[in-house]
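For 768-782, the entry in TrEMBL reads compositional bias 'Basic and acidic residues'. The compositional bias 'Acidic residues' annotation in TrEMBL covers 1057-1071. Annotation source TrEMBL lists domain 'WDR72-like alpha-solenoid' at 981-1015. Here TrEMBL flags 60-104, 460-507, 556-597 as repeat 'WD'.
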Amino acid sequence: MAGNSLVLPIVLWGRKAPTHCISTLLLMEDTSMIVTGCHDGQICLWDLSLDLEINPRALLFGHTASITCLSKASASSEKQYIVSASEGGEMCLWDVNDGRCIEFTKLACTHTGIQFYQFTVGTQREGRLLCHGHYPEILVVDATSLEVLYSLLSKISPDWISSMTIIRSNRTQEDTVVAVSVTGILKVWIITSEVSRMQDTTPVFEEESKPIYCQNCQSVSFCAFTQRSLLVVCSKYWRVFDAGDYSLLCSVPSENDQTWTGGDFVSADKVIVWTEDGQSFIYKLPASCLPASDSFRRDVGKAVENLIPPLLYSVLDRADKQLLICPPVTRFFYGHREFSYKLLIQGDSSGRLCIWSVPDTLEQQDGAKGLQTTTSISLQEAFDKLTPRPAGIIDQLSLIPNINEPLRVTASVYIPAHGRLVCGREDGSIVIVPATQTAIVQLLQGEHMLRRGWPPHRTLRGHRNKITCLLYPHQVSARYDQRYLISGGVDFSVIIWDIFSGEMKHIFCVHGGEITQLLVPPENCSARVQHCICSVASDHSVGLLSLREKKCIMLASRHLFPIQVIKWRPSDDYLVVGCSDGSVYVWQMDTGALDRCVMGITAVEILNACDEAVPAAVDSLSHPAVNLKQAMTRRSLAALKNVAHQKLQTLATNLLASEASDKGNLPKYSHNSLMVQAIKTNLTDPDIHVLFFDVEALIIQLLTEEASRPNTALTSPENLQKASGGSDKGGSFLTGKRAAVLFQQVKETIKENIKEHLLDDEDEDEELGRQRREDCDPEYHSSKSKPLTLLEYNLTMDTAKLFMSCLHAWGLNSVLDELCLDRLGMLKPHCSVSFGLLSRGGHMSLMLPGYNQPVGKPSYDGVELGRKMSVTEGLGKGTYGVSRAVTTQHLLSVISLANTLMSMTNATFIGDHMKKGPTRPPRPGTPEMTKVKAPPSISTHAAQGQIKQGWSQLAAMHCVMLPDLLGLDKFRPPLLEMLARRWQDRCLEVREAAQALLLAELRRIEQAGRKETIDAWAPYLPQYIDSVISPGVTTEAIQTGSASPDSLGTEAKVQEEEHDLVDDDIAAGEH
């Protein structure tokens, strides 16, 4: 779970598939899935059908560097765990069924290979990961916790291990690890005996060490068919050794300058080896290499030249001969389980997967013909064959006549206070558009589909070519004017825009290369620098551009290498620039003089010292994982102070973990119910937009607005009649004015309750007041009176409408569907909705478009919320058939939101309250204002009753009836432990939804299922009775404290300090 909040991502991929330059791949043992890792750090899951059809399913985000290796991490069939490692030393344990990150860690060393090893201790089956890489030993890591248990060391000439294999021999009953080091020395460790001494962390030394003179060893594989031979592939030759005494049986040099990159045994007498350019060759071994033949080992000891060479059997060539950026990755997999298979799988830099099925009986062919590819597909092909094509966030506004593809969005920034998304495009134009409205166009069907150029938007033109970065400084710090938006482009210029009037305020042309980054200096800089923004360009220069003085106050441009990191030392007035070659330049901000340039260890120390000096360094833009120290200072201090001393350590670490996980991809904990984050897998890609819906924040906003509504209704009944008539403009104007006055009073009353949640809003208002006093120029007022809003709409209700329409299981109950469309104002999706799942540490899995397409056999059904609208019976089934974790998150969200809407008056998405604002637009920065306005047109009790009944039926259907409506083959039930964890959630609505769901699920699984659950969890319970009671007492004491705010009524549902404490306390126990 991402921290404690319930956040659901929805992705708009756009037509261009993300770059996926494959660096490693893995086939799951049951052949249902292929996993690929890429050089940009993402992992892609591809579904594989029995007839070898491939369909990409999801992309996993979380690694920050190239994926070096993948390995399975569980042998039991019910758990599909894999482990991934990246160049940065990160290791991640994933559940590939739903893309959840179960565990992650970061080591100081890079792994280049991981092998999974499982053994039995008594009745318990233990899993180990044996890792090797850029360090001189083999690390043995626990497969569930990712802790390093012990290492396999070398006494004789320790060196990096280039490849290894685990030999499980039936003959000796000993499991051995055979590895070849970079210097060509073969080493053997016995690991069976280590199992008994699991707790011991003393290192294990090798049993045997023998030089076999294999330079550049690419792979070592053990023949599982005969259990007697080893294949060692080096870049210029490959060799077969006897697995008993490691004597050489045969050796084959490469011909015509080919470079081998790996190989494996296809059968007892055949091997397959593959080259750097993606070709594979199958050889038949001579009799002297086959244990079954009489002449086995006949050639041992002869000179290498005299050995009988193997015969070339057949060639597997790459299907398409296009040039590739980096060598393709080839792996061979075979299995004897339910059905035997021998598959050669290759992934290349264009994101293409090819599969060859290797037949058991190979007739010798002439080398030219070769085996044909069985299947081949790339991510882009998968995107192209979908109808409708995957939508981008503003595709409808980016169509150009005579060009098929819409303009690409190359930079984006979201302004939560106004609900606006700013998108910079490849032609240099910038579009400002209401985020919820444009998402509704892309995902849902309704009357908006008929209008051209919907939603109303504003286009800013000024750059001559592609926009590379956008920054809205006011969002990072309130000291900036909220009118200003900053953009940088490939035309070397940085432009200041006024977003209210749409005019260009200033152009800076100080750089000599395209702008790569725009940053905000930290709070404690000098007053002059505080009104600047910092721009970084590809000519290795850094500028401080003053928004107030409209000039560049400093340009640091003597760096020889590309700039990697910018740090600040405000106390010394220093700007510290780290370059890609490891050098660090220290500049004085005031004078623009270069103070010094250092390399090596001093450079590292200077960069680290900057982190200590700045409590919250704001170079977080360079990486989405926001500074942890910032997380600690933001909201956890109250909790930290109040916690009993003995819990401090665990709490602090858990707070860090949960805060970090919240911050992984979301900017600071926000009271915004919707955040839009643009992500790219590669710098050259257009933006992919992820909409993060924060369910708790949405519930709080709905209730806040509900609390502020009755006061308007109390004004006078005649007024209500007038306004609901709607034709009388005077009446509505009056209510508009009155609403503004009332809003002030309402705001005062609510302010106390919502202080914690809407803290940032209060800051904005004070800031606004100050600014108004500061500059009273008429232009400012005129721009204020026509804010960003060409279309006035209710942000909170719009967000709820978009979210509920995407989540509802359409097509299961036609009566309820009609009610949702006609009375509640929800809209049906017109294409597949790609959901995501946030898990620990900000790791995220995002469904690819079309993951609902059945792979090969129609029996496989992962249907998602999309498909042709004619196929109504298949409508909403898929979202609950993806995985148990996704089901849990979705059901919790739907039920808690439906219950919230049910408790509100007039909670429908149809009617005036959705569209029109007061006649005078509200002041920007106060989204709630749009809600307090002319009273609703639907005021009859009957209509209200129908609406409430609609929400009630919706909640009931998702809570109780889904398993029966969908059938258990298409429904993955929610996870009990995820629901149990929310039994005491800080948000009352989520808590009630979790409790109802948990009880419904326990009823559904009946007594047998409940017994199974108890048996599964029993081993984890403590043994002694008193240790159970004592923690219980403390939690109860705290819980009674937490119950009091909830009894105060709806407004008090916003969490208060003690709420936070309880919540974090419980979290500390959970993780």
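Cβ from N, Cα, C; glycine included.
Since this is a predicted model, take the numbers as computed values, not measurements.
On the 0 to 100 pLDDT scale, the domain 'WDR72-like alpha-solenoid' (981-1015) averages 89 in this prediction.
DSSP assignment over the repeat 'WD' (460-507) gives 4 helix, 22 strand, 22 coil.
Across the range of the domain 'WDR72-like alpha-solenoid' (981-1015), the DSSP-based residue counts are 29 helix, 0 strand, 6 coil.
As a summary of secondary structure, the repeat 'WD' (60-104) carries 0 helix, 25 strand, 20 coil according to DSSP.
For the repeat 'WD' (556-597), DSSP puts the residue distribution at 3 helix, 23 strand, 16 coil.
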